[in-house]
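Note sheet for the following structure.
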Amino acid sequence: MRQKIVAGNWKMNGQIQQVTELVSQIEELIGFDCAAQVAVMPPSIYIPKVRDCLKTGKVVVGAQNVYPKDYGAYTGELSAPMLKDFDCRYVLVGHSERRQFFHEDENFVAQKFHHVKDHGMIPILCVGETLSERENGKTEQVIAQQVLAVSAKGKDCFRDCVVAYEPVWAIGTGKTATPEQAQKIHQFIRDLVGEINDSDAKHLTLIYGGSVNENNAKALFSMPDIDGGLVGGASLNAKQFVEIVKCIN
């Protein structure tokens, strides 16, 4: 059975009081048996604080970014061993904002992906097309390139990882793919991975990220190949985020 996941990407938002209150409210509101693994990904400076605030075991902490070296002269960066010291379970790699603003290419994303796996954490590989790429019929071509970039290490590379489909045109815009559009791409990704390792494809957790909110989550999560969500803006509101989590049930 595939792991269901709802992950909140807080991006560069919040200060210590807001972060503390938000994570405490989320835990308090999840007073039910949850079918999904719930994760929050605060700005890296607040990872220790969030970890220390988590009391119930119903929410885990993750990281938004990583640098693919264990240590060294890489000013301002954080390695997987450092993140693991603070109990990070998930790490985002390849988010469209990293690709766009920091010019991270496929090779660099692949290095991050395997660096996270090599240190016993779970990478969430983000893939997705821009509006221009979609309008030009290149969606599957772009996503295949992004997915297959991490496959150089062999047929087991998609074991113990998550892939998030985040159409770039839907991030922070209020637009979202229809459940049917999202399902089509999720099925494409699963079939693509199946060409490498059929067993891993069947067990691969695929989540959708692209303006997920409490109004569209239930329809999205009802699709057969959508196993949860990567939530942006709505994860900064505890009530909205937990309403999304409830939709997994």
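Heads up, the Cβ atoms here are built off N, Cα and C, so glycines get one too.
Among the features that Swiss-Prot reports, active site, electrophile is placed at H95. Under the heading active site, proton acceptor, Swiss-Prot lists E166, citing sequence analysis as support. Per Swiss-Prot, the feature substrate binding site maps to N9, W10, K11, G172, S211, G232, G233; the stated evidence is sequence analysis.
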_Three-class DSSP secondary structure - G233 (substrate binding site)_ = helix
*Non-local Cβ contacts of W10 (substrate binding site) (under 8 Å, 6 or more apart, same chain)?*
V19, L22, V40, M41, P42, P43, Q64, S235, L236
*Out of G172, G232, G233, which of the binding-site residues is least crowded by other Cβ atoms within 10 Å?*
G172
*asked:* Just to verify a number: CA distance, E166 (active site, proton acceptor) to K11 (substrate binding site), in angstrom, no decimals.
replied: 15
_I need the least crowded one of these recorded positions (K11, H95), counting other C-beta atoms within 10 angstroms of each C-beta._
K11
*For the recorded substrate site, whose residues are N9, W10, K11, G172, S211, G232, G233, find every other residue on that chain with a C-beta no more than 8 angstroms from the centre of their C-beta atoms, and list them by sequence position.*
I171, V231, A234, S235, L236
_Using a 10 Å cut-off on CB atoms, tell me which of the binding-site residues N9, S211 is the least crowded._
S211
*Mapped DSSP class for N9 (substrate binding site), helix or strand or coil*: strand
*Can you count the other CB atoms that lie within 10 A of the CB of the residue listed as 'active site, proton acceptor'?*
26
*In Å, how large is the greatest distance between any two Cα atoms among N9, W10, K11, G172, S211, G232, G233, the listed binders of substrate?*
14
*asked:* Can you give me the Cα-Cα distance between G233 (substrate binding site) and H95 (active site, electrophile) in Å, rounded to a whole number?
replied: 15
